[in-house]
Amino acid sequence: TECIPLLCVFTVLYGSLALFTSILHNVFLLYYVETFVSVYKIDKVSFWIGETVFLIWNSLNDPLFGWLSDRAFLSSPQTGSQITAPEVVLKRLKALSTNGPLFSLSFLAFWVAWARPGLQFLLCLCLYDGFLTMVDLHHSALLADLAVSAADRTRLNFHCSVFSALGSLSVFLSYSFWDKEDFYSFRVFCVTLAAFSIVGFFVVSRLLQRRFTKEVRPKHDEASALKELSVGHAPLTNPEKPVTIGQYLKQLARHKNFMWFVSMNLIQVFHCHFNSNFFPLFLEHLLSDHISASTGSVLLGISYIAPHLNNLYFLTLCQRYGVYQVIRWLFMVKLGLSVAMLLAGADHIYLLCIFIASNRVFTEGTCKLLKLVVSDLVDEDFVVNRRQQAASALLFGMVALLTKPGQTFAPLIGTWLLCVYTGYDIFDRQPVRDNSLVSDAALSSGTPPLRLGCFYMLVFVPITCALLQLAAWSRFTLHGRKLQGIKTLRQGAQPGHLIDVKAI
């Protein structure tokens with residue numbers, strides 16, 4: 001019972017780091033495209049160039065930073081030079097105390113015009129994503145480094161969901177300050193958010209370092225000293241040459257569960273960012289004539305907060321049925337709701353409101369659970385490739401390398417689909433109805449082609465995504481008895497190096 005207060009303090013502090021990221025990132029996702037298109041008047045060529053360069057940088061920086069962080073863990077050095085788990089955790093916490101405030105400062109660069117729109121768009125995206133990657137990699141890696149059991153990881157993820165939900169309140173507030181014609185109030189709002197995030201990252205990461213050093217490291221050092229005096233079990237790893245990046249990539253290529261997971265997750269990342277980027281457009285062209293501005297604000301806020309709150313329920317389901325089964329159910333729910341909305345049509349306004357909000361809830365809810373799956377893949381990678389330490393940040397980075405392109409594909413494919421189907425160009429703001437692929441029946445019925453195009457995008461994108469994801473997820477085998485066996489092997493391989501969250 002004495003460990004419970006310490007456990008609560010540590011998990012709460014760990015979860016609060018998600019607050020300082022989410023209050024900024026939700027605002028970024030919702031407004032960065034609209035800001036450069038409508039406020040700074042970026043041209044189409046510069047927008048596509050910026051998104052293309054961002055696609056490359058967004059994909060490469062995750063494995064690059066992960067490799068720089070975890071390359072020492074891939075080899076199996078002599079016992080005297082082994083890096084212990086507490087040292088890994090402290091290294092990640094120090095990285096968060098530095099990169100967290102820098103991430104907050106990079107967020108501010110979007111909301112003041114300080115260069116040509118095309119150049120600023122490119123630099124802002126790359127700078128922001130670089131620091132976001134450092135924060136997200138180390139925070140996610142801590143989930144795999146601090147705990148192995150599903151219960152402990154679920155507990156840590158639970159607190160992240162609570163604080164992420166609090167961070168989503170910034171979306172509610174942002175709608176009150178957003179004005180394309182008068183940008184000053186929105187700038188002040190963003191500066192306030194960034195200042196709060198800077199202080200939060202610095203203070204919380206330092207508190208975590210202090211508590212971890214005080215409570216865990218002495219116990220670990222004592223356990224290591226006792227272990228050296230006894231014979232113990234033979235380690236799982238043997239001294240060998242450091243693993244090169246080429247060898248590591250070959251290991252991942254043979255990791256079938258990893259490949260099937262990133263196939264599914266690529267589609268998930270695309271769908272999540274598609275919803276975020278085009279949510280304001282759907283509100284404007286599908287609902288603005290039928291609901292008030294205040295209702296739109298509430299709908300927008302709910303769609304950002306509800307996924308985090310709903311995730312608390314999803315996590316309880318995960319403890320009972322397993323993460324794999326819950327994610328599969330969410331894909332089936334997404335498919336069922338989308339087909340039902342397609343059959344109902346675009347004229348049922350209340351159903352449309354519910355669907356737009358629930359579409360984000362279930363899609364984002366799935367995203368929140370995927371870190372648990374990546375943590376399980378870290379365990380499998382550790383056991384199969386006989387590592388001396390789990391290369392958690394590097395594996396999270398490799399997942400991002402193969403899935404983050406979906407973040408860039410979302411606005412590009414979305415704007416392309418809208419233009420092809422309706423002739424509507426968000427850059428020119430002139431719908432070209434003569435070149436539209438909308439049928440004559442749709443035009444004669446009085447349904448605006450743009451509204452009909454938005455509706456079909458709204459329903460067909462999740463239907464397509466759900467079908468592809470169910471196909472890929474059915475090939476994923478790291479669940480049930482196999483997963484439990486992997487966790488048992490990892491815990492047995494590093495009895496003196498793993499950290500028990502309950503002991504913190």
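From the backbone N, Cα and C atoms, a Cβ is placed for every residue, glycine too.
Heads up, TrEMBL stuff is auto-annotated, nobody curated it.
The transmembrane segment annotation in TrEMBL covers 12-33 (among others). Sequence-distant contacts of the transmembrane segment (12-33), counting only residues of its own chain at least 6 positions beyond either end whose CB sits under 8 Å from a CB of the stretch, comprise 96, 100, 103-104, 107, 110, 124-125, 128, 132, 135-136, 139, 142, 146, 156, 158-164, 166-171, 174, 178, 186, 190, 193-194, 196-197, 200-201, 204-205, 207-208, 211, 273, 276-277, 279-280, 300, 304, 411.
Per TrEMBL, the feature transmembrane segment maps to 156-178 (among others). Listed as Cβ neighbours of the transmembrane segment (156-178) (distance under 8 Å, sequence separation of 6 or more from its ends, same chain) are residues 11-12, 14-24, 26-27, 30-31, 143, 146-147, 185-186, 188-189, 193, 296-298, 300-301, 304-305, 308-309, 311-312, 315, 368-369, 371-372, 501.
Annotated transmembrane segment per TrEMBL: 184-204 (among others), in sequence order. If one looks beyond the transmembrane segment (184-204) by at least 6 residues along the same chain, the residues whose Cβ comes under 8 Å of a Cβ in the stretch are 13, 16-17, 19-21, 23-24, 27, 31, 96-97, 100-101, 103-105, 107-108, 110-112, 135, 170, 173-174, 177-178.
Panel annotation: around the transmembrane segment (258-279), residues 29-30, 33, 252, 300, 303, 356, 359-360, 363-364, 366-367, 370, 373-374, 377, 381, 395, 398-399, 402-407, 409-411, 413-414, 457, 461-462, 465, 468-469, 472-473, 475-476 of the same chain, lying at least six beyond its termini, place a Cβ under 8 Å from a Cβ of the stretch. What TrEMBL records for 258-279 (among others) is transmembrane segment.
Annotated transmembrane segment per TrEMBL: 291-314 (among others), in sequence order.
TrEMBL lists 335-357 (among others) with the feature transmembrane segment. A Cβ distance under 8 Å defines the sequence-distant neighbours of the transmembrane segment (335-357), meaning residues of its chain 6+ beyond its ends; these are 279, 282-283, 286-287, 290-291, 299, 302-303, 306, 447, 451-452, 455, 458-460, 462-463, 466-467, 470.
Per TrEMBL, the feature transmembrane segment maps to 455-473 (among others).
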